[in-house]
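According to TrEMBL, the feature ATP binding site maps to A:Lys644. Residues or ranges marked as domain 'Methionyl/Leucyl tRNA synthetase' in TrEMBL: A:51-184. The domain 'Leucyl-tRNA synthetase editing' annotation in TrEMBL covers A:234-424. Per TrEMBL, the feature domain 'Aminoacyl-tRNA synthetase class Ia' maps to A:447-604, A:640-681. If you look up TrEMBL, you'll see A:726-846 marked as domain 'Methionyl/Valyl/Leucyl/Isoleucyl-tRNA synthetase anticodon-binding'. Here TrEMBL flags A:53-63 as motif ''HIGH' region'. Feature annotation from TrEMBL assigns motif ''KMSKS' region' to A:641-645.
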Amino acid sequence: MELRYSPADIETKWQQYWADHKLNKTPEGITNGSQTEGSPKNAKKFYALSMFPYPSGDLHMGHVRNYTITDVIARVRRMQGYQVLHPMGWDAFGLPAENAAIKRGVPPADWTLKNISQMREQLKALGLSYDWDREVATCLPNYYRWTQWIFLQFFEAGLAYQKEAAVNWDPIDQTVLANEQVDSEGRSWRSGAKVERKLLRQWFFKITAYAEQLLNDLDQLSGWPERVKTMQANWIGKSTGAQVTFKTEAGEDLVIYTTRPDTLWGATFMVLAPEHPLVASLTSATQADLIEAYQAAAANLSTIDRTAEGREKTGVWTGGYAVNPVNGEKIPVWVADYVMMDYGTGAIMAVPAHDQRDFEFARKFDLPIKAVVQPEDEAAGEAAGEAASETIAEDKMTAAYLHDGVMVHSGPLNGVASGKGEGESVQRAIAYLEEKSLGHGTTNYRLRDWLVSRQRYWGAPIPIIHCPHCGTVPVPEKDLPVKLPENVEFSGKGASPLAKVEDWVNVSCPSCGAAAKRETDTMDTFLDSSWYFLRYADANNEEAVFSSERVNSWLPVDQYVGGIEHAILHLLYSRFFTKVLRDRNLLNFDEPFQRLLTQGMVQAITYKNAEGQFIMPQDITDLNSPTDPVTGERLQVSFEKMSKSKFNGVPPSEVLAKYGADTARMFILFKAPPEKDLEWDDADVEGQFRFLNRVWRAVAGFAQSDSVSLVKQIKDIQSQSLSKEDKALRKATHTAIKEITEDIEGDYQFNTAVSELMKLSNALNDAKNKTTLAFAEGICTLVLLIAPFAPHIADELWSHLGEGSVHQQPWPSVDNTALVADEITLVVQIMGKTRGTLQVPAAADKAALERYARESEVAQRYLEGKEIKKVIVVPGKLVNFVAV
RNA sequence: GGGGGCGUGGCGGAAUGGUAGACGCUGCGGAUUUAAAAUCCGUUGACUGUAAAAGUCGUGGGGGUUCAAGUCCCCCCGCCCCCA
């Protein structure tokens, strides 16, 4: 055995061994009455999953971190005797492939498949324990056939529909986007372009039908980070309130939605969205031109622009009025773009005294303000930062009054406490409205239906045929998949490239046989990724989307790992799909991902000049005191997410070539807790490499000594009969087992798990006698414990110690007798301050501990001349004297 | 404005209410070496102090609970994320 650790010599060897011996194959059950092949029925199962990557062609450090985390979990579970499903695949549809086709003329399929095989090799080089037999790629017909099939399930269930709507248009990618795919600044999640508004006929999925479930079932997700659940809840945006029917002068019903029906008596005007259907009939002849111009201007603005806080309010009076049903007051109806047609009813009553946006609008257009909530007393008014007088003076208000108080000028609500609680104003108002048949309590969601069609080529074609006679006809199941044609021209402009492929578009109607046309839009790639985790359970099924039995036995995913950027998008869509497929009786669980870990970013150091430009490190003379190569000014140093544009990317291939996969894995796990951002540091990588070298030398030294024969006797070891030193070593060994097992089974504290490996390694190196049974046990345990983290070196070392692959050995178990110490360190405190420690027998009882402490030199010194008031004895820990 | 998270040495980070800073990196000193790399040993919160000791302060700031607070409670400051 080599005394020098050389990862290049062992890593590919073991990767080949694992593949040859099918170590990572998902266990297959036995086919009999109750069990289906491929389903984990008897044993405990564990489904470990990383979010699958887009095959860009190159693995980056974020991937390495994500997959290493899941791999450690999968490997530990296997050693613990679980049946493990740990698959990998490709989120392979998407725009980069199409852009490559436009730029370089490479067919998207070729480009994608080449990238996949390249990245697959990179993944294999990391020693990730995937069952490659279950690999999926969403761009292959044997996968997207079933994506199309699922689309038809949605269609059949009435959850997929077409409608004409003002949608988000990405001018760079030349396609529409769902609301979730536009950030808070109105930019595309992919291209970063400012999205535009366009009126288009598009396909939608009725995710709003599941809004309530998607919100409520968040409670089931105890293994999810709180902030992800909060983000989803915010996105769904449930609000409760009431719909109230006003009457226009012409006698038409004008229904508004409000979360504060109790303030109805304070409504002084109304506002309609520019798109509201009643605008035309309400508009007077004199206002018509102004209104039309305003509508035209609003049509070009995105939701984000229209609702931005602090934006100057705009609006136009229609010239019309409506009647407030609770008090018969006639109030003017305005049109303004801060009211959205697709939220609530597209119409609001404006209560400027108690709504900030209404307040700003009223002040700008000099509309009346009427307060109907008054602070309960002066103190409340002052505390709230409002007018200090007992009553709010409408003419002096500088902001809407949003705090609690008492209802006034509100007919039946006068004197009632304002608020949403039991018996408070909001509930009383709803009861009143319902009693008088003026309105009713209702619930509203911010969540909108999911726009799923895209005007691009490289996606799953929507399996629909448009027939002039039969209308929208689903492609019959037997005709799936609707394959993407290959003879396509890519221009990157205008409609979907599919529209120009005549022989593909023109088909006969499956229903009546007449000449008809295929739908030329493809599906949002988020559909592909909303069910891939189900397909892994039965990845090679040619007959069905999956066997329900297999899916029900493997799912839910026990541990899902991915980036926080999918907190809403992918995770919300996947939850929605799961619920719909459950309601189609295809599976029997509510939530797809039991536990979720959102790993932090991988960052590296960047240098920025005063203009905010990133400077390449190789242009900087002295990295310890970096200055601008041109101006000589001091550069700003910070850690940012790795990227080419910031000149701080570290390609995984470089690290693998220099140190090997095991070092890369260990470094990434050790450097930071998984959910926190990780700062790349070459010196720390070096440190990990040194650590693996120490492990190698320690084990190699032992394996070459005569003591290696002791390995067979380890199972007979008994702490009781050992020397003091061996006992201590054995305690270190079993402490490591205990701590590492707990770190992994608990909150995935890989950083502390690795530090425990280091402690054990240190204890072994410090051992004076390296020929003992306790030492042999320590060495073998170290190799077993390090196996999930650094799988190659562990297998190489194990091959010199034991039989078979280390990854097929059982995870070590703690011998509690080894953890018992003969002596403990007793802390002596005086008045709560630690003054010293002493070694005492572990078996000492409270009285004995107090006696030891009292007689100790430190206590004598500190307690001299003082009176002991009280003694606190914490067994096994400390004695504290309270003395004056 | 609302919600969530965070604040600990030169750095990354550890600490069931019980010795703060585990483990690692960096720095410093030393051994080995013709020299270097590699390796090994020691040291590395601040301050006071010494021959050796020993002591004081210290987990963003201020208060509180407790024999004992990084940890629990109240107020404040700063940073990050999400939603408006």
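Using the three backbone atoms N, Cα and C, a Cβ is placed for every residue, glycine included.
TrEMBL labels come from automatic prediction, so no person has curated them.
The domain 'Aminoacyl-tRNA synthetase class Ia' (A:640-681) makes contact with the domain 'Methionyl/Leucyl tRNA synthetase' (A:51-184), as judged by at least three Cβ pairs under 8 Å among residues 6 or more apart in sequence. Sorting each residue of the motif ''KMSKS' region' (A:641-645) by its DSSP state yields 2 helix, 1 strand, 2 coil. Long-range neighbours of A:Lys644 (ATP binding site) (same chain, six or more residues apart, CB within less than 8 Å of its CB): none. Using DSSP to sort the residues of the domain 'Aminoacyl-tRNA synthetase class Ia' (A:640-681) gives these counts of helix, strand and coil: 22 helix, 4 strand, 16 coil. As a summary of secondary structure, the domain 'Methionyl/Valyl/Leucyl/Isoleucyl-tRNA synthetase anticodon-binding' (A:726-846) carries 67 helix, 17 strand, 37 coil according to DSSP. For the domain 'Methionyl/Leucyl tRNA synthetase' (A:51-184), the number of residues in each DSSP class (helix H, G, I; strand E, B; coil) is 69 helix, 22 strand, 43 coil. For the domain 'Leucyl-tRNA synthetase editing' (A:234-424), the mean pLDDT of the prediction comes to 81.
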